[in-house]
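Asks: One structure, as structure tokens, below. Some questions next.
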Amino acid sequence: MSNYPLLSLAIWVPIVAGGIVLLTGGDRNAPLARMLALIGAVLGFLVTIPLWTGFDVTHGGMQFVELHGWIPRFNINYHLGVDGISMLFVLLNAFITIIVVAAGWEVIQNKVAQYMAAFLIMSGLMNGIFSSLDGILFYVFFEASLIPLYLIIGVWGGANRVYAAFKFFLYTLFGSLLFLVAQMYLFFQSGGSFSILDWHKLPIELGPQIWIFLAFLIAFAVKVPMWPVHTWLPDAHVEAPTGGSIVLAAIGLKLGAYGFLRFSLPIVPDAAQELAGLVIALSLIAVVYIGFVALVQADMKKLVAYSSIAHMGFVTLGFFMFSPLAIEGALVQMISHGFVSGAMFFCIGVMYDRVHSRQIADYGGVVNTMPKFAALFMLFSMANAGLPATSGFVGEFMVILAAVKFNFWVAFLAATSLILGAAYSLWMYKRVIFGDVANKHVEELSDVNGREFLILAVLALCTLWMGLHPQPFTDVMHASVNDLLRHVAVSKIQ
Amino acid sequence: MDMQKLYLLIPLAPLFGAMIAGLFCRVIPRWLAHTATIAGVAIAFAASVVVFQDVMAGNTFNGTVYTWMTSGDYIFEVGFLIDTLTATMMLVVTFVSLMVHIYTIGYMQEDPGYNRFFSYISLFTFSMLMLVMANNFMQLFFGWEAVGLVSYLLIGFWYTRPTAIFANMKAFLVNRVGDFGFILGIGLVLAHFGSLDYATVFEKAPGFASATINLWGDQQWSLMTVTCICLFIGAMGKSAQVPLHVWLPDSMEGPTPISALIHAATMVTAGIFMVSRMSPLFELSTTALSFVIVIGAITALFMGFLGIIQNDIKRVVAYSTLSQLGYMTVALGASAYSVAIFHLMTHAFFKALLFLAAGSVIIGMHHDQDIRNMGGLRKYMPITWITSLIGSLALIGTPFLAGFYSKDSIIEAVKFSSIPGAGFAYFAVLAGVFVTAFYSFRMYFLVFHGEERFGKDDHGHDAHHDDDHGDHHHGLAPGQKPHETPWVVTLPLVLLAIPSVIIGYIGIGPMVAGDYFKGVIHVDAAAHPALSHFLEHFHGAAAMGLHAFSTPPFYLALAGVVLSWFFYMKRPDIPAAIQRRFAAVNTLLENKYYFDKINEFVFAGGARVLGKALWRGGDIGIIDGLIVNGSARLVGWVATVSRMFQTGYVYHYAFTMIIGLLVLMTLWINRA
């Protein structure tokens, strides 16, 4: 299996498919564009499956490695590979791409080919991020993947999309520049290498480590997003079309978190240990502060956006407690959040397509007219609140248990999400779904159609599968997470 | 048949029934939904009987079904522990569930959500069985939350009623407060014992008896005390102990069959079961046991008082449930775990009976639940009347009936307990006997005896019971008479009345005095000798029943019955006068000690205010207002050029970004 360049396929199949979809041109050919996009997305997913089936779970290092020279003069290489930390995200990304193509099927009637192509190309670029082992390659993918997202928000977005896109731009630009500076420092320090794996072995003094860590922290914290650099996310979600929100929540937020594991922890382990308290504090603020903020949102998308920030707080919290249970819990939380938040945004999209409002106050009693939808939305709301037997539980449970061992009060604050998560999820559910039919719009609602049902049912199965049997997911991670922790435990200061 | 397959069949049969009735609830006919679910639960009950006999023959089991997950050095498994405690719970759960399933055919026959209801109660049975059969803390938590979910679904079953959908959210959230403590307790267990497997943890527990942890500054806390109190907070949520009891009375918004099954007989006893299961841990901390006994005593007495002033038939029974849960908790605190489980079992039968009988009355009264509109029903509903009487007599502790043996054992055990708080608890459980008898027979007399007050034009029942649920017409029309309910309703009443009479007499010998729970429930008799002192005075069930006639509880109960008869049958003007005379006390009771108001104002209101403050002040004010938009303005001020970039076309921004990247790359390449 590993003879095939699987990772290149995972990157380039969607991008090429996106290019082909673009060739269909205007909206006359929209049905063809949709069909080609679906084929491209499914192909893109199929080529990633051997990554999991052929994965050697006993091996913690990089697998499916591809190495070719790219810009030899600066020793920049086309260097790909995945380990137990990144592999599942490639699959998740390819899977979510199918979901978003299907989610935009009838809803998008304007510039269909461009819409579908943007998602396919973004999918390929994001796979590039998860599999790059070269700093510059990573950076190129990291920045390039933003362009389709800007376009998706800007072209197919809501009324206030310019402000949202500009805010996003301002935030990310700042982080990206610092990230690039840090990379250059590492390049010179390592005697001219952009290999991330070389940087892992590079000895660095504590002072520079701290600076590099902070540069990484800013770059990644914006993406996660962590408090207090999170305010772009609710605006971006509110303005994005449904598909954009799904990708942003399911994959976009994972890029920053992934950066911590690929860059911050292994490259500057001493600084990571030194400044773990800072990250943990920010994470706990995200869980508690954002939990309260989510509670009072009147806009459903903003509510789910804030809940995403709180859930990502668990991820960064898990990373910086440096134990296998915590890091694996955080990784599980990332994957689960991909399913659950994607499904939540899709659910809101289903209602928005019918009523054209995201305001909780415009709904009420939806269960009377959309019983099937209400049942599925219940499942995802409960998963969002971390109910056992759903994937939402697994990561939270692992991180909280690991936190008790780390420090009781950290666990105490993290566990408040049990209450806050249930409060904002169920309060929204109550106001939107339960009760008498609130108005004419709700009365006229039609239940989910076959396509919508299929999307939600697939996501529901994923959520339940991961909740009932997370073992296949964590199995993949063990060796790589253990390697990472062993590596972090060794000081790089000479 | 292989016993392990049988263990697996017990939870899976109801799950299968729930899936048939639930996933296809809109296409299958009603008979199929109830046949499938009843068959599932009946199979589970029959298999539980087989398992019980097997356990009595000495075959216990502790094994894994599948590995849920591994991480680091930790292994999380789904598995079963089958011993006498589990087998007892399995029998109680499946039997009461079966009764409730049958009863539901009659109770819900007019409801459009018939199939959905059957699906939920079968799903509940599955969840509860997973909870009691667990052999580890993870699965326990699983079942714990799953029963909470089903409870949420069922309280909000009539989802268009504003009170129901408020009550179900409240129930879930209050339970989550309990779970918050519970998960921290589980975390402490994992952190210090390195496993969540019961057997491993209990084996290691004695070694941690004097272990301490550092929680605040340099203060050392006993590990077992902190762990047990955290775990018990979970039990307080699920078993509705003060101050986390507030959800249980409101849960009466759900249909009556689930009030019987979930909010009286089984789910709310999960906390009692859990603490009994954890007896090897709780025995190591007298402080935690004191905490338990005090909370239980407060619940037992003060929730009983509230039962006196309720006029909704279901709420009277609900407060009675709270009070009885308090009794069980007191037993736990006195280290009389076996007595707590014994009371759990007897209570499950007679309380399910009382609730189902209340439901039968509600059907007979055409969904009027106000006992002030009833009276003299015994003529019209003889079976309901007799079975209610049996249930009430069992509840107040009439000698030789089920409740007597379990409740008297609790009182006796507490009498001999010497841990801090036991004195107060003894007073509370004794006083509670009088209160229980008083409110139980107040309800009994008002419903079944005296003047017929129904069928009048103006009945002043609570406004929220005659709201919009179209299929439920409320109250009897003038001149209309109540009627006895169909056999599917009365049969479960009769079948539950039988154990309500005999189970105490049969059970006390083996369960409390014998070694039924040997090796399952661990009591450190040297440190907590209450139960063994009680047993020194125990000379068989018959002797205990006869002896009762010379003990205070009997006379307290008798006094309660006589007083309620005098107040509500002979001189109804007296209670009204007392209400006027002690208006302040009455107001306090009517407001349920203001728990709801405080919770709504301080916690729910406070959370919203805090959320708004953080959002508007923190996010919008400081972060966006000052920093983000501020830097945007700064950029605009420094270089007016930037205004050109704010064209509103996103591809301009994207393009700018690429250019920026290229410029940087070029600069840097030139440098190199």
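Cβ atoms here come from the backbone N, Cα and C positions, even for glycine.
Sequence annotations record features per position, and here TrEMBL assigns domain 'NADH:quinone oxidoreductase/Mrp antiporter transmembrane' to A:134-416. Look at TrEMBL and you will find A:6-23, A:35-55, A:85-105, A:112-130, A:136-156, A:168-188, A:245-263, A:275-296, A:334-352, A:373-394, A:406-427, A:448-468 (among others) tagged as transmembrane segment.
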Asks: Counting CB pairs under 8 Å, which listed stretch among A:85-105, A:136-156, A:245-263, A:406-427, A:448-468 touches the transmembrane segment (A:373-394) the most?
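Replies: Looking at each of A:85-105, A:136-156, A:245-263, A:406-427, A:448-468 in turn, the most contacts to the transmembrane segment (A:373-394) are made by A:448-468.
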Asks: Count, for each of A:6-23, A:136-156, A:245-263, A:275-296, A:334-352, the Cβ pairs lying under 8 Å from the transmembrane segment (A:448-468), and report the range with the highest count.
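Replies: Ranking A:6-23, A:136-156, A:245-263, A:275-296, A:334-352 by Cβ pairs under 8 Å to the transmembrane segment (A:448-468) puts A:334-352 first.
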Asks: Top stretch among A:6-23, A:275-296, A:334-352 for CB pairs under 8 A with the transmembrane segment (A:406-427)?
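Replies: It is A:275-296, which has the most Cβ pairs under 8 Å.
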Asks: What residues elsewhere in the chain lie close to the transmembrane segment (A:6-23), defined as a C-beta under 8 angstroms and at least 6 residues from its ends?
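Replies: 33, 36-37, 39-41, 43-44, 47-48, 50-51, 54, 64, 66, 80-82, 90, 94, 97, 113-114, 116-121, 123-125, 127-128, 131.
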Asks: Please indicate, using numbers and ranges, the residues of the same chain that are 6 or more beyond the transmembrane segment (A:334-352) and have a C-beta under 8 Å from a C-beta there.
Replies: 88-89, 92, 96, 99, 103, 107, 237, 241-242, 245-246, 249-251, 253-254, 257-258, 300-301, 304, 307-308, 311-312, 315, 358, 363, 366, 373, 376-377, 380-381, 383-384, 390-392, 394-395, 432, 445, 448, 452, 455-456, 459-460, 462-463, 466, 473
